[in-house]
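Annotated features in TrEMBL:
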type: BINDING; residues: B:65, B:67, B:213, B:301; note: Zn(2+) binding site
type: BINDING; residues: B:94, B:146, B:186, B:216, B:301; note: substrate binding site
type: DOMAIN; residues: B:56-405; note: domain 'Amidohydrolase-related'
């Protein structure tokens, strides 16, 4: 791979110093970033010099919760509450899913994410070999896990645990390191305490982090109390989960003492703000989490409940919603929202040494926004414009590990037309 | 102008029957729609036949509250509460505004609106001749008014009233009928009761509707009570405003009996959901308004408080927010949200006989969405996809009165590059 430099961009590093270079440059060689700063005087050492003419360059976004295969169900059932949506609509149709559905659904989601600037995503589902192969082929980066629902026979549970363990072992650090894995009990309400303990033990054995849905709806929390005598946070703490690195998705219905437990164990949170609104699950206490020092990242959840994977939506929503709900226009300013979509996303999945900011030595996962458009004018406040006026549709070029995967808005690694044909072929039968 | 038909589109009419033609066609001759339905067998009568190959065609969106000139202040001051933002940031800098600022700021806003599918917008500001000339030249449609802030001397107030009256008289039904006008006291907290009464009298004389900011913040409502002994709705009712057709912007802080007053007089509401969140003004009681039969439309407010004019943002937000806030996933379904952005928008500005739906005899204001993209797959639920997965960035072609103003995402009537240059030249001095 060549030694490339992008020049004359506004480089938004998202590093600890919050550096922004207004007439900046970023260089990378093979997978790694080799330079970030002002445009160097000597460009002759680079094989390729690209003038981005004022466009913004920022780290690829990190989407910390989703189910890529479910994109086949976009718009299949809207405007319903979560349990009804899940039990009457999603689960029956998901029961008919095959590897083919997983494959094409995942490709559709990957196209959507890459085109809108998400270079790293978390996925929890089944048929995960299909998902991993699609990640590998598309050039995206992902932290993947086989989500285990513990209903059914003991035999079925044990076969899922074995499948999940094999997946976590076999795919970790594959695809040139772009794929990492986790172990994933679906949720406290779909897995018995015994099953969760078995999964935690396996995660310890595999040295694998854990990913779980937690406290998404009020009724789920009440069910946990009535079944196990504890709210989900305390319940999972007692089961030893939080001694292993853990990423919880949703975390909507939490009392203050529960935030203290999450903070104590450095449990990471994936806030799924749009999915939580759409399914009427509620509004997570993000400002309180941030005050406690909890790492809060952003996730889309699936496009069956969102209904899209453009993380710019979450970025914008998290900067808007809490201001209105708490009557405080200073809550979650633009910079904090952008951190949640980038560096905090990387921290939430323990990849902050590799991605999430533009720094020398990190992997060259970066996106270029076409800002020669009305939405970005006047040009004086880039981070504000990205958060409050930008869209994933403005992403022009995307690089992962220094390899270009989107060029002028077109995905280079996946054939969008073919994928659209296949997903419509499959979904016609629903 | 030629006799044109667009064929093989998904035609989303937004008419009273909520008709959607999956393999449909729409024809227009001169300014008017002449056909909507299945693709006719005989296309030979049309001068121009355009195959849109499955793209969605819907009415141009209607943005019922904004201040186009203020786009120069996008990102100038974020994450501040409304009164501080207005008094310390906006008003001082707006005092330095010239006609040049109004002109280029308006062009920037018009580009942003046309490119994202808004064909009709409401504008309330000063230097309105500049705004009207930009509307005329750009081919957009607008209902315009000179907003009057009543501070200062009696002489100043009377000169504003004269300017506003002249504007309302001279520009009404200009630009081939695309410009209509209103009379506009800025708000109850910036205009004395006497001044408001004068404006209402003038509106009656001119047979002009009225547009006003109302009940945007809690403090403004409290101020009204302490100064005039009434909350704003009762105050304005007493001043006789609502006997004239009235469009109120914001309407955030309302008690139930105030909704009854608005319903009684058929007062129209422009809900500015994103601006209200961002400035922490609060969340308007939209579901309650809809239950009372009040016409609720969507407005962006200015890009200084939003910070963009892509009405797809409001469309999406209004379908999401109330579900989460009221724990009811059935509130404001996708269809209702899209009505608010189209036909209810037209009703809110008394143009429902001309625009807001695709029906024979109405003006040919329509937009084409490029749906050959991942965001719109699988292709089975167009309205859901528009509301929950779409973006104004997906708007490909825009027609107003049958004349194409955007083609393949490019504004044909305004030179975007020139406008970007001018707004940056002007804003550098801020």
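Using the three backbone atoms N, Cα and C, a Cβ is placed for every residue, glycine included.
In TrEMBL, annotation is done automatically, which means it is predicted and not curated.
Features as recorded by TrEMBL, highlighted on the structure.
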residue: B:65; record: Zn(2+) binding site; CB count, 10 Å: 27
residue: B:67; record: Zn(2+) binding site; CB count, 10 Å: 25
residue: B:94; record: substrate binding site; CB count, 10 Å: 18
residue: B:146; record: substrate binding site; CB count, 10 Å: 26
residue: B:186; record: substrate binding site; CB count, 10 Å: 21
residue: B:213; record: Zn(2+) binding site; CB count, 10 Å: 25
residue: B:216; record: substrate binding site; CB count, 10 Å: 26
residue: B:301; record: Zn(2+) binding site; CB count, 10 Å: 28
Three-state secondary structure, residue B:94 (substrate binding site) (per DSSP): helix
Cα-Cα distance linking residue B:301 (Zn(2+) binding site) and residue B:216 (substrate binding site), given in Å to the nearest integer: 12
Mapped DSSP class for residue B:146 (substrate binding site), helix or strand or coil: strand
Average pLDDT across the domain 'Amidohydrolase-related' (B:56-405), rounded to a whole number: 97
Rounded Cα-Cα span from residue B:186 (substrate binding site) to residue B:67 (Zn(2+) binding site), Å: 12
Residue among binding-site residues B:94, B:146, B:186 with Cα closest to the Cα of residue B:213 (Zn(2+) binding site): B:186
Residue B:301 (Zn(2+) binding site) and residue B:186 (substrate binding site), Cα-Cα, nearest whole angstrom: 13
Additional residues surrounding Zn(2+), by Cβ distance to the B:65, B:67, B:213, B:301 centre under 8 Å: B:66, B:124, B:249, B:250, B:270, B:272, B:275, B:299, B:302
Among B:94, B:146, B:186, B:216, B:301, the record's substrate binders - longest CA distance, Å: 20
Spatial separation of residue B:301 (Zn(2+) binding site) from residue B:146 (substrate binding site) - C-alpha basis, Å: 15
Length of the line joining the Cα atoms of residue B:65 (Zn(2+) binding site) and residue B:94 (substrate binding site), in Å: 18
Where residue B:301 (Zn(2+) binding site) sits in the secondary structure, as DSSP reduces it to three classes: coil
